[in-house]
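Right, one structure below, let's go through it.
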Amino acid sequence: MRTLWIVAVLLLGVEGSLVQFEMMIIKVAKRSGLFWYGAYGCYCGWGGQGRPQDATDRCCFVHDCCYGKATDCNPKTVSYTYSVKNGEIICEDDDPCKKQVCECDRVAAVCFRDNIPSYNNNYKRFPAENCREEPEPC
């Protein structure tokens, strides 16, 4: 219960896509994005640098690249509409920005689900100083 309260406090003031992304991860990967991926490897969490450490970290790298390609919108705050049908996420907006951000989040959530076996606790709260290699291009 205390953990749920902490997560609720952390989400206060956060709008749009980040909250929706968290809910999407929970629905698809059956785990909390904040808890499992909030500070993982070199790319999961705020910012990102260096090279992804494993397949899970690569999910975050690709997500960061996808957000970076979103045009004429702020991916972290835009709200979008999606549904879940037969366990699959369907992005429903016609607006190009909302659709693109939803697709970025959908691909990342599926990537997390598909790469649960690669998750390595050694990369949780991974020190940024270990992420100094030359980054690969998006």
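Numbers run from 1 along the shown chain.
Note that Cβ sites are derived from N, Cα and C of the backbone, with glycine treated the same way.
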Since Swiss-Prot lists Tyr43, Gly45, Gly47 for Ca(2+), which candidate among Asp54, Asp64 does it give for that site as well? Asp64
Spatial hits near Cys104 (disulfide bond) (Cα distance within 10 Å) out of the recorded positions Tyr43, Gly47, His63, Asp64, Cys73, Cys131 come to His63, Asp64
When you measure from the Cβ of Cys42 (disulfide bond), how many other Cβ atoms are you left with inside 10 Å? 26
If the Ca(2+) site is taken as the center of the Cβ atoms of Tyr43, Gly45, Gly47, Asp64, which further residues of that chain fall within 8 Å of it by their Cβ? Cys42, Cys44, Trp46, Gly48, Gln49, Cys60, Phe61
